[in-house]
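As written in TrEMBL, here are the features:
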ACT_SITE  GLU131  active site
BINDING   CYS88, HIS130, HIS134  Fe cation binding site
Amino acid sequence: MAIREIRVVPDPVLRTPCDEIKEITPAVRRLVDDLLETVDDPGRAGLSANQIGVSLRAFSYNIDGKVGYVLNPVLEEKSGEQYGDEGCLSVPGLWYKTRRAEYARVRGIDLDGKEVVLEGTGIMGRMLQHECDHLDGHVYLDRLEKEERRAAMKYMREHQK
């Protein structure tokens, strides 16, 4: 297990749709361990595999004491609406009001190939949508109005390490 470095916008891995996991290999098991260890830090709600440089469909979460992961997640239902602050480990230091569905449900599998269904409202619903967006090659800045998105991208360019 290892805490992995978070990839930051404009890293191309964040813009690449992730591949489905076809087989549970030792490398996939290590990936899940790393995702769980890396998300286990105060202020971290979710973490997708591409945020640590791996283009596979997997994410981990840590919300209100609930910690876990989903492999090959598919966002299969969402409803309602929420509009609130959203941030991202790959966009450090920036928070923007973002429109999301209030409720979301994701279906995937675990390391044993068993079906996992994860659903929630509020922060959990927001996280499910946010992580699935990552796995599809999107960051939350894509959901902002044009001027906010432009300002955020300018900030990221100016504050690169």
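Even glycines carry a Cβ here, placed using N, Cα and C.
Structural mapping of features recorded in TrEMBL.
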| residue | record | contacts (Cβ under 8 Å, 6+ apart) |
| --- | --- | --- |
| CYS88 | Fe cation binding site | LEU94, HIS130, VAL139, TYR140, LEU141 |
| GLU131 | active site | GLY46, LEU47, SER48, PHE59, TYR61, PRO73 |
| HIS134 | Fe cation binding site | LEU14, CYS18, SER48, ASN50, GLN51, PHE59, SER90 |
DSSP three-state assignment for HIS134 (Fe cation binding site): helix
Fe cation site shell beyond CYS88, HIS130, HIS134, criterion: Cβ within 8 Å of Cβ centroid: GLY46, SER48, GLN51, LEU89, SER90, GLU131, ASP133, VAL139, TYR140
Structural state of CYS88 (Fe cation binding site), classified by DSSP into three states: coil
